Each structure stands twice: as structure tokens, then as C-alpha cells.
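Have a look at the structure below before the remarks.
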Amino acid sequence: MQHPEEEDQRKGESAHDEKHKSAEIVIDPTQIVTNGAHSTPTASHTYSEALEVVGQGWFHTLLMFVTGLCLMSVINETVNVGFIISAAECDLDLTFSDKGILNGAGFLGVVSSSYVWGFLSDTWGRRKVLLLASSGALITSALSTFSPHVWVLIGARYLVGIFVSGNAATSYAYLAEFHGEASRAKVISWAAMFMAIGLIFLPSLAWLVIPLDDRFDLHLFGMRYAMWRIYMLLCSLELILIIVGLLYLPESGKFLLTNGHREKVVQILAKIYHINQGKPEHTFPVKSITLDAIDAAFANEMQLRSSLGFRYLWQQTVPLFRVPLLWHTLKASVLMFGLFASSSGLFLWVPDILNTYLQHEDMQLCDVIALMHANKTAARSEPSASTCPITINANIFLITTLMGVIFLACYILNGLIINRVGKTTLLNGWFVVCGICGLAILWTSDFYLTLILIAAFVSSGCLGGVLSAISVDLFPTNYRAMAMCLILMTGRFGAMAGSNIIAYLLAYNCNLIFILFGGSLL
């Protein structure tokens, strides 16, 4: 028999337990209803996970189009001069030397400012740099069309090269940082194809505009505004599209995230979610974004760059010229230099060479070039000549358009077979084929065969991507970005040097052009 006090104690504990249980309410988060909608607790996502939630859609299509145009603008503003040097020869009294320097001015601007733009992109932001670079390139390019003298035009095109270099240095990073691992490589490849499209666009536009010079006689600010000037102005129109597109696009989410602007990143991704999925922004399920391991390392590197400034560039560059990276740096740089010097250097001269070659189709190419040089020398020795002896054959632009199509086809072909045959095998195979074609130009007098050989020779330029892919694997991660910047900068310097070397050899020994550059590829 229990004691009455024990029984009262047991009843009190029982009542206390029941009271305690009634206070413990277990809530299923999925069953909480607020204004008729289920709500879930705030979950933290990494940036990569948030991009997967955002998905792919119209925003990424616009992004690829704008960044593709940025890359295309680099081609347009550095290569377009090659299509006007014949038409501008009389207006500016151009010599072979002038043409070589003019062809290389834009490339020199790109080379001399690449490092600076890369640094500014990492400190100011991707979108801000692209806006500044595109706006500066548009203004300087438009002003360059009013150049009254060749050296004014050379200086203006150098400034255009400086500004457009910002597009080359920043576009890939801006595009890649809105894509996850699954889609990044694919969209970068698609954007890179805009450069090949630029090589189709430039001669096509030249074919439509430059031959109209005989029909129109325009004058602006007391000077004759020839069709080659209008052509250069039209080549810059894509910069307007870039600026308009960038005004609509946001800053890179990863750049903002690594600088601590997490709430702003969520807002940006919510807008992209709305554009891609067609759903209201407030339904975006990601409310908090954290840095994953890769982003954290990137954030630390960004802080280091900001604190060290240009000393960071020095610290990243010096190890590339020390053992064990020295040999890799020299090897990749020399290959890229030779590749750009051979392909881009000659391609800049193709329209000018073809303009004379089309008048003497039954002769060997170098014999035609010797005749061209002799005719120009004779014309300059007659000061009484009042008319310009240069006539522009519109077919040269159709031929160079077809060469641009070949470039595009080579890009696509490389993408299809690179994994099957291997990067190094593909690179070596193309080098041999293109080098043989370059040397074969010396021994053929058939017009169409010569054109095919020239097209095959300059198509070696599409190997820049393959060589870059090989070079990336040669360097450790912490030096990889700076190494690629240096290698590509060396390549663009090669384009400038190749153009000027060809300018000298055109006047003195044409055969050496194809022996030197064809042999360098081999």
C-alpha cells in the first residue's frame, strides 16, 4: 500500500510531464503556411548550387551574345585596317613601311595594356571594365576616321587597341562566372567563334562599302570623307550593341560575392531566375549564398591583388621566368609568337596583295608583288600625276570572306576531333600541313591553287585555342592565369611584328616571306 504523500508526489510529476509535453510542439517545416503558401526555412547555398537553381535561359543567351561581340570587337578593331590600306593609299600617301606600322598599331595597343586591364578587371569589376573599354574604343575609333595624316591614324588606332584590349582581357571571365562547371566550357567555345565570325563580317562589309567610293563624294569638316573612313566607322557599330547590352546586364555574381556583397548577389540571381524561368523573383528559393572552397580561395587572391596593387603582377610574373617554369614559358611563348606572326601577320596583307594579284592571275605570287612594288615606286617618282593609280577590285573582299568561312570551319573541326586525336597531335599535324602550304606558294603559278594554299596557310591562326589548351596544363594553378596572359600577349606582339616584317620583305624579297613563316610553322 502506497503512502498518501508518495501518491500525491507521483500525481504532481504526472501533471508536470503532461504540461511539459503540451509545450513541446513539433512543427514540420514543409507544413507551415503563410498567406496560403508553404514556406521553408532559409537554407544556405554555394554560388555553384545557386547557378544550378537559376538554370539556363534567355539571360545566358544575351550574355553569350554580348561577350561574343566583345571578342569580335577585338578582331574588328585590330584587323579592319588590313581592308582599308589599299583604298587609303592615295589619301594618306602610304608606303609599304607605313602600311606595316598601321597594320600593327592596334595589336601593339592590345599588347601594351593587357596586364593593366586584367588587374582592373579583378579590382573594379568585370562589367565596369567592359563598359569603360567599349566606350573608349567606340570614341577613339570614330575619331580615327577623321585622321588627316598616316601618323595621326596610327596613333589613333594604337589608342583603339589599348581600349579594346579591355574586352579581350575580361570577356571570358565575365561569361564564365555566370555558368556552372557543366556549361562553362561549351559557352566559352561558342563565344570564341564570334572571332571567326568577325573575319567573315569584316570583308563582307568591305565588299559592300569600299567599292562605292567612285559613286559618292562626301566632305566633312573640310576634308574628303572617303568610303574607307565610313567602313572603319561601321566596323565599330558592334561596340554600341555591347554598351547597350552591358547596361542591361548585371555585374558578375562571383566578383560581387568574393567582395562580400552577398545580398546583392541573391538579388541579381533572383532577377536572372525570373528571366530564365518566368517565375516571380520572390519565389527564388535561394536566400543565402556562401563561398565554397574554390570561391574562398579566389576571394583571398582578389584581396591580395587589391592590397599589393601592381606589385602583385610582378610577383606573379617573375616565377614564370625561373626554373622550372622558364622552359614552359619560353616554349609556349615562342610557339604563340610564330603562330600569330605567320597567320595574322600575313592575313593583314592579303587584301592588298590580292588587289594586284587579281590583275595578273597567270603569274607567280611573288612576281606579282615585285611588279606591284615597281609600279608604286614609278608612280611616286612622277610628282605630276594628279590621279591615284590604285583601283580596288571588289572580288578581294569576297575571297577574304571565304577565308573567314574557312577559319570558322577549322574552329568547328578542331572542336569535333580534338578529343579523338589529342591536342598535341592535332597541333603538330596542322603545323606541318600549314607550313607545307606556305612553302608551296613559291612554286605555283595557278591562281586558284595559290588562293587555296594562302587560305590553308593563314588558317593556322585557328590553332591559337589548341595551343592555349596545351599551355594551360604546363603551369600550376596559381600562375596559370598570368602565364596565359603573357603567352597571348606575346602572340599579339607576334602579329604586329609579322606585319612589319612582311612590309619589309614585300619591298625587298618576297620569297623570304613564305620561306621564313612557312619554315617557322614546320
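Cβ coordinates come from backbone N, Cα and C, glycine included.
Annotations in TrEMBL come from automatic prediction, not curation.
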Annotated range (TrEMBL: transmembrane segment) out of 100-120, 352-372, 478-498: 100-120
In contact by Cβ distance (the transmembrane segment (501-521), the transmembrane segment (425-443); 3 or more pairs under 8 Å): yes
Surrounding residues of the transmembrane segment (62-88) on its own chain - C-beta under 8 Å, 6+ positions past either end: 94, 99, 102-103, 105-107, 110, 130, 134, 137, 141, 153, 157, 160-161, 164-165, 167-168, 170-172, 174-175, 178, 187, 190-195, 197-199, 201-203, 206, 210, 213, 226-228, 231-232, 235-236, 238-239, 241-242, 245-246, 248-249, 344, 347-352, 355, 390, 392, 397, 400, 495
Beyond the flanks of the transmembrane segment (501-521) by at least 6 residues, Cβ under 8 Å: 96-97, 99-101, 103, 338-339, 341-342, 345-346, 349, 365-366, 369-370, 373, 431-432, 434-439, 441-442, 457, 460
Result, the transmembrane segment (187-210) in contact with the transmembrane segment (230-249) (3+ CB pairs under 8 Å): yes
Contact ranking winner - 100-120, 158-175, 332-350 against the transmembrane segment (390-413), Cβ under 8 Å: 332-350
Mean per-residue pLDDT computed across the domain 'Major facilitator superfamily (MFS) profile' (62-522): 86
